[in-house]
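K.L.:
Once you've had a glance at the structure underneath, I'll fire off some questions.
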Amino acid sequence: MSQLHTNSKEVHASSSNSQDDKLQKRRARLAAWNQKKASSEKSENNEDKKPKIESSKLQEWIKRRQQKSATPEVPSTEASQKPTSIKPILRARLSTSSSKQTQLVPKKRSIFDDDDEQDDAKTAKKDFRIPNEKKLPASTEEQESEDEEKVLERIRQAESGTSFLVESGFEQDLGADSGISGSEGDEEDDEEGQQRLLSEKLQKLTNKEKKLMALDYTQMEYTSVRKKFYTPPEELKDVPPEKVTALRTAMDGIKVRGSDCPMPIQKWAQLGLPSSIMTVLEEKLGYDTPSPIQSQALPAIMSGRDIIGVANTGSGKTLAFVIPLIRHIMDQPPLKSGDGPIGVILTPTRELALQIQKELVNFTQAVELSVCCCYGGSPIESQIADLKRGTEIIVGTPGRVIDLLAANGGRVTNLRRTTFLVLDEADRMFDMGFEPQVNKVLSQIRPDKQMVLFSATFPKKLESLARSFLVDPIEIVAGGISVVAPEITQRVVLIDDSGDISQKKLQALLKIVDEFSVEDPEGKILIFVDKQEAADDLMVRLLNNQISCIVIHGGKDQVDRKHAIKQFSDKNGLRVLIATSIAARGLDVRGLNLVINYDAPSHMEDYVHRVGRTGRAGATGTAVTLVLSSQEREIRDLVRAMKMSGKVDDIPAELQSIADKFLKKVKSGEEKFNSGFGGKGLENLQERRDNVREIEMQMYGDKVKETNGVSNSSAGRKALGTPEAAEIAGIKLPDFDIVEGRAPETSGPDRCKFHSRIEINDLPQKARWVVVNRDSLSKIIDATSTSITSKGQYYPPNSKLPKPTIKYGREIPPPPKLYLLVEGLTKSAVQEANKLLRQKMIEGVDVATEEDAKAPIGRYNV
């Protein structure tokens, strides 16, 4: 027992000895630290005395300088000619003082408490470094003396206790060299600059508008071109006006407006065409006599006049401008290397361009001319190759023609030799908003060109616009405006809108197809619907009912669209084609004897073009329209179209009564008529122009809107960085606003005090990838100690959010557009993360721009 007691005493003694040793070591280190602190305070006091010593030395130096300037020196050597500079002295003095002060900063030790660290921080005073020598002005005598005076003044301010860097010109240089951050105002300017840069890059990336070289034909010399190729034959000379009017009335009621319009012809020989063209007309195509629109339009165009031609569908409008175009080109000298086309034909759709090319080839092969069809959705390389070889005629859509004119800086082709321009289906072209593209093409063509406009419908609203392009035009209307050809039999099937409407319409369609197949087993059937989805759905339903068919709409690739038309046009191909109104223009298929409007057209002009796909070139055809009893406006248009085409007896009494009820509603103000092709594209274009103009006025401070009497002064300053500015190009610029408070979409104990939502849905795909990839986000998260989460759902550009859904009696909003949620404990952390994300966006847009420029389009850049 005594032995155990002795052992416990020894253990206690040894432990007390070890504690004493540790305490002594701690006291020794504390004494050393106090000694070092005292020495640093002493050296600091010495440093405080230095400015007084330096000030006295500086006064002595100034006196010596003044004495030297008062007594002229004899220049003996090159060294004596140079003035004494204060720069080396100041540089050496400030560099030594800076090095001394950096040595005084003690290293932190983990054994001291927080109070010791605060005392330690007091001794480490921040000092400024001398500006970079490279940034100082050149060492001329005047500049050097001015710099010395400025530095001396700043040293005096430093001695008096004021900072000589506050208003100095060297502040930015010192901040750059020493890592001193700017004020909050500078940070805001940097953010606005980054936001402006991002906006400009996004607009540049999304702005696909091709710039064409401006041409001033008033300063150019170009050879005159012969336009008049028609001389009236003896049999048509000196005909009294009464007989001319009677002849025009007999020819489908031709109406002419304009001065000096020639008399209509009655046979091809009266045009005086070359034998090669006459052979194609009479032998290859089998056209014995011209149609009414051809009888009047051909002599007018071949007389060199500008024309507005309006005629029924299938009346031969294409041939009315093809023959004068071929005759016009044959009279001109052949193309030389680098010459562009002589004739240009613009169309609103690709299918119409292909149809016109098919008509042109019949003549170009006979007279050894070439034609190039240019439209989007197909490889551009072959089109560029054809233009490089030289082609006399271009047929295409306005967008692709501009692409080719702008390709390779305008070296692919040009329109300097173009003297004949045709706008086919001009009303639809303007209605689709092609006016800017048409103006661009016109700016590249010499002003003395001949221009021809043709269409089956031509609203008065667009007539004034069309006349602005033409010079003293002649307007020719054959068969009336927006009138169905008399060769077409029109029928309307009225469907009750109660019960399963879709099934009722399908059964009615199947019945019509079966009846027609019995009467005409080889006849083609064209079915029109309103929407692309409806076309695909109807194709599936017809296939399920053992009816072979094919579909065409704007959502199909050009290869598929071309294949579908080829399959439908082939004599042994498919009999049924389902299409949207994209096939309502220019589609000319032999044997197409039945057109079915599965969805009633929204206005009469569209109806005229749809049913005009049958009954072409004098042949007969049938048009059947399925309409619901509740579609009063559509029924009124159908009744009006049938009356205008002389089919009053074919109008059912029930249909007429519904139309009369609708007219009463219109008179009472309850309803209004459809405007048809009334220039919606022009109105939308003008609206966009007004929006852009308003934003530009806000940007440049010309007009600032006021709300509730308070001027929104920041609108002009931030216009470039606002979403509205970028939405001009179709992209919403991300917002980087920081909100104080916890984000509602997060939960749990780790929610942060500040957050920011940055929408990235509308950014280009490559830019989004650069921002949200794992490496980029992890680096930003580590650098800023924030949380960044990708949320929401991606929506295609310019698409609207779906409507809220009702589930269990509650309204559930749709998922928001794709965005990044940035969360942080401090506002500065979130602000820094936003800054880094903005930089990543700029990098991503640059990458997207480079890839877009390097897209594989062959040897040429478009």
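Heads up, the Cβ atoms here are built off N, Cα and C, so glycines get one too.
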K.L.:
With Swiss-Prot as the source, identify the stretch among 266-295, 326-355, 386-415 annotated motif 'Q motif'.
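P.N.:
Motif 'Q motif', as annotated by Swiss-Prot, spans 266-295.
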K.L.:
Among the residue ranges 156-159, 168-171, 424-427, 628-631, I'd like the one that Swiss-Prot describes as motif 'DEAD box'.
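P.N.:
Swiss-Prot lists motif 'DEAD box' for residues 424-427.
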K.L.:
Which are the residues of the chain, ALA311, ASN312, THR313, GLY314, SER315, GLY316, LYS317, THR318 excluded, whose CB is within 8 A of where the CB atoms of the ATP site average out, their centroid?
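P.N.:
So the extra residues in range turn out to be SER291, ILE293, ALA456, GLY612, ARG616.
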K.L.:
Using a 10 Å cut-off, grab the number of neighbouring Cβ atoms around the Cβ of GLY314 (ATP binding site), all chains included.
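P.N.:
Other Cβ atoms within 10 Å of GLY314 (ATP binding site): 21.
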K.L.:
Return one of helix, strand or coil for THR313 (ATP binding site), based on DSSP.
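P.N.:
Assignment for THR313 (ATP binding site) reads coil.
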K.L.:
For ALA311 (ATP binding site), what residues in its own chain, 6 or more apart in sequence, show a Cβ-Cβ distance under 8 Å?
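P.N.:
Spatial neighbours, sequence-distant, of ALA311 (ATP binding site): SER291, PRO292, ILE293, LYS317, PHE454, ALA456, ILE476, VAL477, ALA478, GLY479.
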